[in-house]
Amino acid sequence: DTLTMEFTAIDYSIFALLLVLSSAIGLFYALTGDRQRTVQEFLLANRDMGCLPVALSLLASFQSAVAILGVPAEIFRFGTEYWFLGCSYFLGLLIPAHIFIPVFYRLRITSTYEYLELRFNKTVRVLGTVTFIFQMVIYMGVVLYAPALALNAVTGFDLWSAVLTMGLVCTLYTTLGGLKAVIWTDVFQTLVMLAGQVAVIVVGAWRVGGMARVWRVAEQEGKIAGIETCHHRPPPAIDPNPLERHTFWSLAVGGIFMMLSLYGVNQAQVQRY
């Protein structure tokens, strides 16, 4: 059977509500408190946010449609070796927590690039800033395109109109409400994403006939694999061949460096710390 997915009135309502509430949070912080008059308020949320909203915001920052759509597709297509990347999260998050963040926090800096100037010079700071802007512009293009593509598939909503709508809503609440609005919309969006993921797992497993059947079918199709097996060929786990899709080196060591770049020095995260 071909399974077609189409939006119903409820889906459209939830989508519209998501955009309206995100904009409303920005408007609320533009009209209350210090009203984003100071740099401290606009860029650093007055340094008075609680632990939980900041933690959820950190979680949401790089939990984009690329990850939500891409990772399940990767594992569905190539098998479960990719799970090993999760092991790199432990070291990749402990190192920033104990080495990077204490330094940035004690210096009371607004951006990581201020640190580059303090440690080296203005040229290094400018180069770091330009590299970050270049990377984030490309990244934002991809993360706006991915949900627009998904939306286009289930609604027939014009691709570029979707990109423009989401881009404008995000720009609106960020420029109006500053970092406080960004953090609280992140909290709201994290809860929506988690609820969506749980719903997909529960409903998907239920329709197939339970998690045991999901696992059995995946096993029959040769999709369940540890780090030591790859596409039914068993190269050693520590094979340094860069042409292998997944190896210990690319997932564990590469994963740690990816985490350091995202959670150790990326300005989007450091600003929240």
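Placed from the backbone N, Cα and C atoms, the Cβ positions cover glycine too.
Because TrEMBL annotations are produced automatically, they should be read as predictions rather than curated entries.
Outside the transmembrane segment (12-31), and at least 6 residues removed from its termini, the chain residues within Cβ reach (under 8 Å) are 151, 155, 165-166, 169-170, 172-178, 180-181, 184-185, 188-189, 192. Feature annotation from TrEMBL assigns transmembrane segment to 12-31 (among others).
Under the heading transmembrane segment, TrEMBL lists 51-71 (among others).
What TrEMBL records for 83-105 (among others) is transmembrane segment. Proximity of distant same-chain residues to the transmembrane segment (83-105), defined by a Cβ-Cβ separation under 8 Å and at least 6 residues beyond the stretch ends, is recorded for 75, 112, 115, 226-227, 246, 248, 251-260, 263-265, 270, 273.
The transmembrane segment annotation in TrEMBL covers 126-147 (among others).
Sequence-remote contacts of a segment are chain residues at least 6 beyond its ends whose Cβ falls under 8 Å from one of its Cβ atoms, and for the transmembrane segment (159-179) they are 19, 22-23, 25-30, 36, 41-45, 144-145, 147-149, 151-152, 185, 271-272. Positions annotated as transmembrane segment by TrEMBL: 159-179 (among others).
If you look up TrEMBL, you'll see 191-209 (among others) marked as transmembrane segment. Long-range contacts of the transmembrane segment (191-209) within the same chain: residues 18, 56, 60, 63, 68, 217, each at least 6 residues beyond the stretch ends and with a Cβ under 8 Å from a Cβ of the stretch.
Here TrEMBL flags 248-265 (among others) as transmembrane segment. Outside the transmembrane segment (248-265) by six or more residues, the chain places 58, 62, 81-82, 84-85, 87-89, 91-93, 95-96, 99-100, 112, 227, 237-240, 242 with a CB less than 8 A from a CB of the stretch.
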